[in-house]
Amino acid sequence: MRHDVIEASARVRSLAQERAPPSSRSPSARRVVRPRSAMTRDWPEEVALLCDRGLAEAALVPLAREARRCGLPLGRVLLQRGLVSSDAYYCAFAEVCGVPFLCRGSFRARHDPAFPPPPGFAGPLSIGRTARGETIVAVVPPVGGTAAFLDLLRRFPGLRGRVRITTPEALAEAVAIADPGARLSLLRSEVSARRLLAPGQMATGMAMLLALLLGMLLPLSVLLILVSLMVTVAGMVLGGIRLMAGIGARESPRPGHSLANGQLPFYTVLVPLYREARVVEQLVASLAALDYPASRLEVLFLLEAEDRETRAALMPLLHPHMRCIEVPEGSPRTKPRALAHGLELARGELVTVFDGEDRPEPAQLRLAASRFAELPGSVAALQAHLAVDHLSRNLFARQFLLEYAGLFDCLLPFLSAQGFPFPLGGTSNHFRREALEEVGGWDPYNVTEDADLAVRLCRAGYDLKMLGSTTFEEAPIGWRAWHGQRTRWLKGWLQTLLVAVREPHALIRDLRGTLLPILGLYVLAMVTTLAAHPVFVVFLLLYGLDAAPIPLAGTLTGDCIAVLAGVSVVLCYASMAVVTLRGAAMRRWPVGLLDLMVIPFYWLVQSLAFYAAVVDLLRRPHDWCKTEHGVAKRPVHGRSQA
């Protein structure tokens, strides 16, 4: 887990400079409560304190009415209207709570992975030690939350001696200086996977577990029908979307005209690398072949400090518009953390990501820039097609190739054409920089940063589109490589789901009037069917062969359950086959009968990967399973041999 060490200055600047009261310098000091007028009796204590310091009470009366009408804390309205500064408000907050206040520039952050976050606090924070070796926590409590913060200090008295209150700007500055990649997880913790579960989710989880245990008291027939119905509905949603995609898929549009060199925006290509010395020569050659003016292009290779082998292989190959960037040491060591650091250094108006094994078509950047110029500003990202460019007799590599064809050449283009949100791929996604920064960039703690970013962009009101260009990739060879990669993907999807439902009210607000529920239904259906698929298959085999005593066998209820299970399984298989055939046809790749017959087995091993993902999520939520590249025999250029 990633945390930050705070080294406070020997003496926090006095509030004579920032109008801070003397009591804010002592952890145990509390301000003397002055008599409050009838007008201010219902106002928060920190606002009353600001009035004691000269804020006009009469001017606050209409604002207090507005705050009540809008359901907002009065302090939030004062900050939004600019009547008080952040320093003044949070300083008053600190004095009310009897804890020290840290001004901007009075502390800095450093890495300390060993120290856990304080219990019960869900806001932005930074954890560490003072220059004297004392462990402290610098926090930005919610506006208007003095009562809740005091309650937290009462429940956890050990916090009082080391907690410090600061402003969002001060914390953002300290974090940005120490590690830009940590900004999202510390300053917008509600949308970060840094915490597996928020306190409210833990309570909800316990309630669901209790409901599940109570459900076990239902008659077996009722319980089995309910479970079968739920999984069948999930299978029908998943299968229905895929069948519609198989019927209505079309090629992704290309721009109507290509921008001239003088019209092209500055482009940044981010390439996170870790132990990729084997593939850097072909990678640099592919990126050097991009049809984009070098004067308007920068390629940033993001390397971990310890990865000397990749750096040594890469440095002699660099072109003038290419640079190696060392990612600061820290945890978690993930691809999105490297990307978050790279974004801070990027200069481009447009930003894209390529992986170590990628071979993009030369025209891809020019096509993306031209397409962005045609589309409205509400389109934040373009996803290029991904395809495997080598043929392998290995079962998993072959199925991966066909799966990618079905996903990137059939399903995603269909969703894009209908205006539906869709999950981004982990590479070859092109962004408008301002949209990327608005939603906070990449989350270092989410191991499927692409899915997480797609959800946050859509929740912010942005659209996603497909781009009519292809990046060729390498399929994982063998069970171990495939299983590790798929487990990480599914773990990341579970992380994304947990983060999305962390604040139900905010989720409902963001979903209102959007098509984002389509993506949510698809993901939930996928997770449900993967979880239940092996159970349904075993049930159908035992029921059909009468090989074991099955509850309700031979009854109308048992027959109904068997029919529901059969419909779910067959629909999932059939829809997968249709999407695979359509995607392969668009690539002009032959699909044999054996390829289709393997689909049920492929579904079963995906379920095994799902179970492994659940275990991994609980044990190592932020662990990144690295996929080894440079193993397959690929063509010299990005032409498919499939």
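Keep in mind that glycine also has a Cβ here, set from the backbone N, Cα and C atoms.
These features come from TrEMBL:
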REGION    16-37  region 'Disordered'
COMPBIAS  19-37  compositional bias 'Low complexity'
TRANSMEM  196-217  transmembrane segment
TRANSMEM  223-245  transmembrane segment
DOMAIN    351-543  domain 'Glycosyltransferase 2-like'
TRANSMEM  519-541  transmembrane segment
TRANSMEM  561-581  transmembrane segment
TRANSMEM  593-614  transmembrane segment
Stretch of maximal Cβ-Cβ contact with the transmembrane segment (223-245) [cut-off: under 8 Å; candidates 519-541, 561-581, 593-614]: 561-581
Same-chain residues at least 6 beyond the ends of the transmembrane segment (593-614) whose Cβ lies under 8 Å from its Cβ atoms: 395, 398-399, 402-403, 479, 483, 486-491, 494, 527, 530-531, 533-534, 537, 572-573, 576-577, 580-581
Average model confidence [pLDDT] within the domain 'Glycosyltransferase 2-like' (351-543): 91
